[in-house]
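Features as listed in TrEMBL:
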- 52-73: transmembrane segment (TRANSMEM)
- 80-98: transmembrane segment (TRANSMEM)
- 118-137: transmembrane segment (TRANSMEM)
- 220-237: transmembrane segment (TRANSMEM)
- 243-264: transmembrane segment (TRANSMEM)
- 285-304: transmembrane segment (TRANSMEM)
- 316-335: transmembrane segment (TRANSMEM)
- 347-368: transmembrane segment (TRANSMEM)
- 388-406: transmembrane segment (TRANSMEM)
- 418-439: transmembrane segment (TRANSMEM)
Amino acid sequence: MISKTHNFLNDQIRKQFDWIFHARNRRNVHRCPLTPAKKNDHDNAILGSKKLGNYVATLSVDFLFIVLPMLLIFTVLADWVYMFVIPMMVLVFSVVTANRFDASNYPGGPLSLRTNVSSYRVLMMIITFLCILAVDFKIFPRRHAKTETYGTSLMDLGVGSFIFANALVSRQARSVSSANWKAAVQSTSPLLLLGFARLLTTRSVDYQVHTGEYGVHWNFFFTLAAVSILTSIIKIPPQYSGIFGVAILIGFQYWLSHGLNVYLLSDERGTDILSKNKEGIFSILGYWGLYLVGVQLGYYLFFGNSSTTAFRTIKWARVRVSFISLVFWLVTVLLDRHVERVSRRMCNLAYVTLVLAQNLQVLAILMLSDFTAGSKISALEEALNRNLLGSFLLANLLTGLVNLYVDTLFIPSLSALAILLAYAYSLSIITGIAGFYGVKLKFW
């Protein structure tokens, strides 16, 4: 789990908060039932406010030990990242080696698997909302920014990782019967509305949009909606969706290698909608193939049918996730050298295998945390996991506001870091408070 990296440092603080919560709960349980209702209402209001204050304090501790280190590594400490990664890897593998013979003492099975997948999805979201604003400042290394045509970078993985993370735990991967196509269109209508809302707002405020990414009018929300609609209309059993997805990806790559890549990477655009948004529209095939492969991986690794679910233990999944990640890394190298280089802009086959390899590798590393004892999920992780899409929308809104009122390219590094800290902290607290009050936003 993400939180396991900092529980040793803030465990005592958490114990104090837990003691306060339990003490107050005991006080409420033993309160005299004959106490006047008016007094009870007043006391409950005060108690609720105090609980919220303690919860915000807990979120703040989580922010300091989870989000802040990531932000620093992506910005001011980017050139020294290996100095932190290598000792951390040595520490992790030392702990794993020391405890691997005692692995039976730690929980495994479906609950542990769900926790690992949730932690992976939250980690992906934290990196996403940090990078989408940090990239606008000079404090963010250019090597991490999106590539123009071919190549790989940290931010190139964002869109593919988001789609893959949704596919792993999707209704299709869990063998939950999907609705008909009309219900599918209705359920994705909020994504379409968000796509049009983003288009209108960026046009109305003259917000800078790089047309080489998706096109003139297209954006990420339209891609999400298109993948969701296609998956709902063309229903494929999860145990065969990966095969169908691979067939789509191979066919799309064949089309790219025979002239479509030249068309998509050219700066020439016609007057029709297809030509103006060629990158976004054609890349749907790649993202749909990625989603279908993710569905079968989720089904195979974590869910499966009722007769095999019992065998989806953490040990079983950990070995297979690591092995499949290694296979995708090898395939990515071969495709990049002998077929076509990785291109996020076209979502070609090499890009899809790169996304699969990278995300499965992160998931496999997170699974090693089951060898550490005395850890629990943090409040921030739980809040983000409930509202992944909501936190993503809020991050986009805050990013747009910052870009409207701040000249990000010319702001000093210290001021940029302060803005990023305020942005990340505000996003964490708002998402946490939304979770505290049970607010949940989910379209897909």
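Placed from the backbone N, Cα and C atoms, the Cβ positions cover glycine too.
Because TrEMBL annotations are produced automatically, they should be read as predictions rather than curated entries.
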Self-check item: Segment proximity, the transmembrane segment (285-304) to the transmembrane segment (220-237), 3 or more C-beta pairs under 8 Å
Solution: yes
Quiz item: What stretch in 118-137, 243-264, 316-335, 388-406 has the biggest tally of Cβ pairs under 8 Å against the transmembrane segment (285-304)?
Solution: 243-264
Quiz prompt | Ranked first among 316-335, 347-368, 388-406 for CB pairs under 8 angstroms with the transmembrane segment (118-137) | solution = 388-406
Exercise. Please indicate, using numbers and ranges, the residues of the same chain that are 6 or more beyond the transmembrane segment (316-335) and have a C-beta under 8 Å from a C-beta there.
Key: 113, 116, 297, 300-302, 342, 349-350, 353-354, 356-357, 360-361, 363-364, 367-368, 370
Self-check item: Close approaches to the transmembrane segment (347-368) from elsewhere in its chain (Cβ under 8 angstroms; 6 or more beyond its ends)
Solution: 1-2, 92, 96, 116-117, 119-120, 123-124, 152, 156-157, 160-161, 164-165, 249-250, 252-253, 256, 261, 283, 285-287, 289-290, 293-294, 297, 314, 317-318, 321-322, 324-326, 328-329, 331-332, 335-336, 339-341
